[in-house]
């Protein structure tokens, strides 16, 4: 088999038809999988010695949340080091990063694997990976044909990176896109709420405005603060963190503004406060709603005039600090109740951001679960950590009152439990490994079975033919995709189709 001009033209057209980078990348991956008839394909971005999935087809959804560090994935490291097409033999001793991550084939190892490194000039910017369950699945394609595919993908990714760079420098108009937020590697999520939040972060980061970040406990407000700082002109200077809820009243003022020697019992030397430490940088005040009214007044003065006084000192010090504040309270209600100053609230909330709770983020829970699974895999030295279909279903229907933090702890606990019940270094997380309160799962849909005047063999074969026809129609007559949907081996499916008279 070889690529025709029409095939290559179709791939190029799909890249142009997409609306936005994410859509173009998905069209590319989906088209490649159909053309190559492979079981799985992925486009990865290279950043800081790790590959970050941008688009996948044929892989479990949680792959989009995983971060593949080269140190833990020798096949990907081999692709990163290569300057050309990499073909891994079926008996390669290097584990495939997608083993167990092809739906319906969790217990099987990937047999055929091709890696295409993507370059912009001499710089590695990403990779295309193609995987199949048959050992010789890609033998029909020459290296030259695969290089053409890599060139198309590299061009699309390179253009996207260039546009991202220009937009971040305000050199061209346009709002941020989900792709541009990939550099915030820990802010995982493609739901509308997270996409909007990432856009707002891109907008406010370039300014010097104070930001009030609100959200329930465990939603990731600190990550939002880090993302703002890292994307701001102050990124070369420190980001200083202070948890206001953990401050005893007796030392809170000293922690914020510092003190001089002898200011109080135990002040044996001069000490800088958080504002001084954050000079020319950013100060993140977590749980700001816990500050006393007296300290709120002093904080307001700093925001108004840009100077501080150490405890026990009459002199003022000028500071240049951007303040990011976070709270899990409704500060408007706190203002009405007299527990928070209205003038401070307005100073802080020049650009308010709201972090959505996990229960409102849809499939983001699966992406985050994949990220935490990969973290556990590296930390515990496991070869793979995979979510079963039942585990994914459970995670999608649990409401997570503790949000992302609860999910992280649940994954870590489940991995430890699953590891204790299996021999070896491969872990599959099942629903029973999660200690959630009772979760009501939707019942499986019952299919109506018509009564026909056929014997059992004829009825069975008729049912098999119709099932295969429907699966083929849904997968554009891609037999590999059809086999995956039906959760059977593609070779067995071909044999069954021949026996049923559906193939020559």
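For all residues, glycine too, the Cβ spot is worked out from N, Cα and C.
Note that the structure is predicted; figures quoted are calculated from it, not measured.
Here is what Swiss-Prot says about this protein:
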type	residues	note
DNA_BIND	479-498	DNA-binding region
BINDING	215-222, 278-287	ATP binding site
DOMAIN	187-416	domain 'Sigma-54 factor interaction'
MOD_RES	57	4-aspartylphosphate
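Location within the structure of each feature annotated in Swiss-Prot.
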| residue | record | Cβ contacts under 8 Å, 6 or more apart |
| --- | --- | --- |
| 57 | 4-aspartylphosphate | 26, 29, 30, 32, 33, 40, 41, 42 |
| 215 | ATP binding site | 221, 326, 328, 354, 355, 356, 357 |
| 218 | ATP binding site | 358, 402, 403, 404, 405, 406 |
| 279 | ATP binding site | 237, 319, 320, 321 |
| 282 | ATP binding site | 225, 228, 229, 232, 234, 237, 238, 239, 240, 321, 322, 323, 324 |
| 285 | ATP binding site | 242, 244, 291, 323, 324, 325, 326 |
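DSSP gives residue 285 (ATP binding site) a strand state. The DNA-binding region (479-498): residue composition by secondary structure is 16 helix, 0 strand, 4 coil, according to DSSP.
The DSSP secondary structure for residue 218 (ATP binding site) is coil. Note on the domain 'Sigma-54 factor interaction' (187-416): its mean pLDDT in the predicted model is 92.
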